[in-house]
Every structure is written in C-alpha cells, then in structure tokens.
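Database features (TrEMBL):
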type: BINDING; residues: CYS39, ASP41, HIS98, CYS101; note: Zn(2+) binding site
Amino acid sequence: MRDIIDGFLRFQREAFPQRVELFKRLATSQNPKALFVTCSDSRVVPELLTQREPGELFVIRNAGNIVPSYGPEPGGVSATVEYAVAVLGVQDIVICGHSDCGAMGAISRCTCLDHMPAVANWLRHADAAKAINAAHSFDTPEAKLDGLVRENVIAQLANLRTHPSVALALEQGRMNLHGWVYDIGTGGIDALDGATRKFVPLADSPSTVAVASRKADGR
C-alpha cells in the first residue's frame with residue numbers, strides 16, 4: 001500500500017502541476033467520445049493502450065468484460081452504458097477482451113466455482129460464448145481459451161445491442177460498436193470485422209468496425 005500512496009504523492013507533486021489547465025477544465029465537466037468496456041485484470045490499462053488523457057474515455061471494468069443483456073432489473077453496467085450514451089453522448093463503444101483472461105480461463109477449463117458463487121453467477125452472462133466455443137475443436141488449451149475470449153467479445157456486443165439507448169443510437173446513425181482482443185505479450189490488438197465476422201489486426205485495418213451505425217452502413 002505504501003507504494004500506491006507514494007505514487008499518489010508523486011502525481012500530486014510532479015504530474016498534476018504539468019496538467020493544471022487540463023484538470024481545471026475537468027473539474028466541472030467531461031466530454032468522452034468513447035465508452036471502453038474491458039476486464040478488471042490489472043494488466044489491461046485502457047488509457048495506456050489507447051494513449052488517452054483523463055476525460056477522454058468513459059470506462060467500465062469487470063471480470064470478463066461482460067455487458068449483461070438489458071432486463072427488467074438493470075444493474076450497474078446497464079446504468080453506466082445508458083448514462084454514457086444518453087447523457088455523455090459517446091459515439092463509439094469498445095468491448096475489449098484480452099489474452100490469458102482469468103474469467104474466460106475459468107469457463108474454458110470448467111473450473112469449479114462453488115466457493116465463488118458470485119463469480120459463477122456473473123460468468124453465466126458468457127454462456128452463449130461458452131456454447132459456441134464448445135462446438136469447435138482446438139489443438140491446445142491455449143487455443144481454446146483464445147477462441148473463448150473472442151467469442152465472448154462477440155457475445156457481449158450482442159448483449160450490448162439489447163440496451164435501448166444503444167439500439168436507438170445505432171438506428172439514428174450516431175454510434176459504432178467495436179470488438180477488440182488485446183494481446184498482453186505482444187501489445188497487439190485484433191479487431192472484429194463486422195462484415196466478415198473475423199478478427200483482423202487493428203494496426204493493419206484501423207477503420208475496422210464490428211457494428212456500424214445505420215447511417216455509416218448506408219441503410
């Protein structure tokens with residue numbers, strides 16, 4: 001804990017003074033252009049990956065980068081999505097999975113979670129990804145996990161589209177959805193191409209979109 005406190009003190013002493021004007025603006029408002037949904041994993045740092053300043057990303061983090069389908073009793077994730085879209089007016093939403101994901105690993109290995117009932121219940125929101133991935137053959141456990149990570153990104157994008165605020169924004173041509181998988185070991189990101197349903201290197205295809213707004217896709 002001392003390291004964390006020392007880090008804050010360095011921030012206050014060194015980093016904050018260099019961005020005084022930025023923080024003055026942020027003290028009373030924010031205007032993020034994107035909602036970034038990713039895993040709680042400590043190795044995934046959205047602002048570092050995207051090189052964004054404070055105030056530029058609205059972030060949701062949880063085990064498995066999960067977005068439950070919209071329902072009669074929406075929870076914290078649903079409320080945050082709704083606020084980001086309806087109030088902040090974000091134009092893009094990214095679902096970002098990652099390599100060596102512990103949540104997806106537990107599903108892939110069929111780990112017994114009886115001692116963690118809250119985790120087990122939460123991961124049921126990835127059941128669609130689990131079922132689809134189980135229908136495929138893989139040569140190694142690592143390949144199976146990678147497949148599940150990707151299927152989960154696709155499944156959570158589908159869940160996201162059940163949210164009224166997101167569905168409306170897509171219909172009105174003011175939002176695009178993106179599905180990413182970040183490789184911790186290489187620093188690379190694969191992005192879901194909605195047209196082909198395949199993941200491609202984002203560095204080679206930076207305009208790749210998983211779900212385009214109706215205006216963007218010409219409908």
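Placed from the backbone N, Cα and C atoms, the Cβ positions cover glycine too.
Just so it is clear, the model here is predicted, and its values are computed rather than measured.
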Residue, out of the binding-site residues CYS39, CYS101, whose Cβ gathers the largest set of other Cβ atoms within 10 Å: CYS101
Three-state secondary structure, which DSSP defines for ASP41 (Zn(2+) binding site): coil
Sorted by sequence, non-CYS39, ASP41, HIS98, CYS101 residues with Cβ within 8 Å of centre, Zn(2+): THR38, SER40, ARG43, VAL44, GLY64, ASN65, GLY97, SER99, ASP100, GLY102, ALA103, MET104, VAL149, TYR182
Cβ-Cβ neighbours of HIS98 (Zn(2+) binding site) (radius 10 Å): 22
Under 8 Å by Cβ from ASP41 (Zn(2+) binding site), counting only residues of that chain that are 6 or more apart: HIS98, CYS101, GLY102
